[in-house]
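A short worksheet on the structure shown next.
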Amino acid sequence: MEQYEKEEKIGEGTYGVVYRARDKVTNETIALKKIRLEQEDEGVPSTAIREISLLKEMHHGNIVRLHDVIHSEKRIYLVFEYLDLDLKKFMDSCPEFAKNPTLIKSYLYQILRGVAYCHSHRVLHRDLKPQNLLIDRRTNALKLADFGLARAFGIPVRTFTHEVVTLWYRAPEILLGSRQYSTPVDMWSVGCIFAEMVNQKPLFPGDSEIDELFKIFRVLGTPNEQSWPGVSSLPDYKSAFPKWQAQDLATIVPTLDPAGLDLLSKMLRYEPNKRITARQALEHEYFKDLEMVQ
């Protein structure tokens, strides 16, 4: 740790405190994430160290770079490249963003590039949300933070400061208790983020797991064996769920053009293996005029 000098606390993430710090060797500003482990007394699990070490090999322009992993008996520090703006802060401070379909398209494309890269390396995120999409103010590059951390450390129900970890971007198969989920969970989150960029408000802002499910069902219809084969055998599925009819997405995201609505509907498919992949999404016609954008 001697190599890094903490300058100020910049946030409290899902896993612990985040500091802005300086690398004394290179004089570079970095983000230092202190991971608080659930079982404090047991020290750092070797599986977590292995998982995290793999993430150091991830190099992509749309992934926040993990420079270093420092671990002592009791805790882990992760050293990341430093970016001071995230998509949530950007949307909150810049309401006119919704009127810039070109920038929305560019950001969505970059999110998908980062997700496609991670999925091609068999790494899931599981907790994608606007707060962990970081923006470089100078270049408008968007980068995904915290990829792979869920597998190493699990996703707590509450952060270490007792804030509830958001459910707004969580895929229905996870909410219904599936243990067999895979890369489609991240594509669901991307769909929720896409709609939020366009509408300037969250698509499914549930405040509990059941409220989250019902907010989804009210828009997409309550799933059944016809719309989602196998749904009734998921652990937390109840035949007594209220039966809502699907709404037209065009009424939910009224300013999105037809190509965008088509892409969004493919991201928000109930059946995980029918959900569009990141690779497929990058080829979607919604992006056909992107060359002029970038």
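Cβ atoms here come from the backbone N, Cα and C positions, even for glycine.
Feature annotations, reproduced from Swiss-Prot:
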| type | residues | note |
| --- | --- | --- |
| ACT_SITE | ASP127 | active site, proton acceptor |
| BINDING | ILE10, GLY11, GLU12, GLY13, THR14, TYR15, GLY16, VAL17, VAL18, LYS33 | ATP binding site |
| DOMAIN | 4-287 | domain 'Protein kinase' |
| MOD_RES | THR14 | phosphothreonine |
| MOD_RES | TYR15 | phosphotyrosine |
| MOD_RES | THR161 | phosphothreonine |
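This view paints the features noted in Swiss-Prot onto the structure.
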residue : record                       : DSSP class
ILE10   : ATP binding site             : strand
TYR15   : phosphotyrosine              : coil
ASP127  : active site, proton acceptor : coil
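Each residue in LYS34 lies on the same chain as ILE10, GLY11, GLU12, GLY13, THR14, TYR15, GLY16, VAL17, VAL18, LYS33 and has a C-beta within 8 Å of the C-beta centroid of that ATP site, without being one of the site residues. Counting only the Cα atoms, the space from ILE10 (ATP binding site) to ASP127 (active site, proton acceptor) is about 20 angstrom. Averaged across the domain 'Protein kinase' (4-287), the predicted model reaches a pLDDT of 92. THR14 (ATP binding site) sits 10 Å from ASP127 (active site, proton acceptor), taking the Cα positions as reference. There are 19 other CB atoms within 10 A of the CB of VAL18 (ATP binding site), with all protein chains counted.
Fewest Cβ neighbours within 10 Å among the recorded positions ILE10, ASP127: that distinction goes to ILE10.
Annotated pair VAL18 (ATP binding site) and ASP127 (active site, proton acceptor), C-alpha to C-alpha distance, rounded: 17 Å.
Nearest by CA distance to the residue listed as 'active site, proton acceptor', out of the recorded positions GLU12, TYR15, GLY16, is TYR15. One residue stands out among the binding-site residues THR14, GLY16 for having the most other Cβ atoms within 10 Å of its Cβ: THR14.
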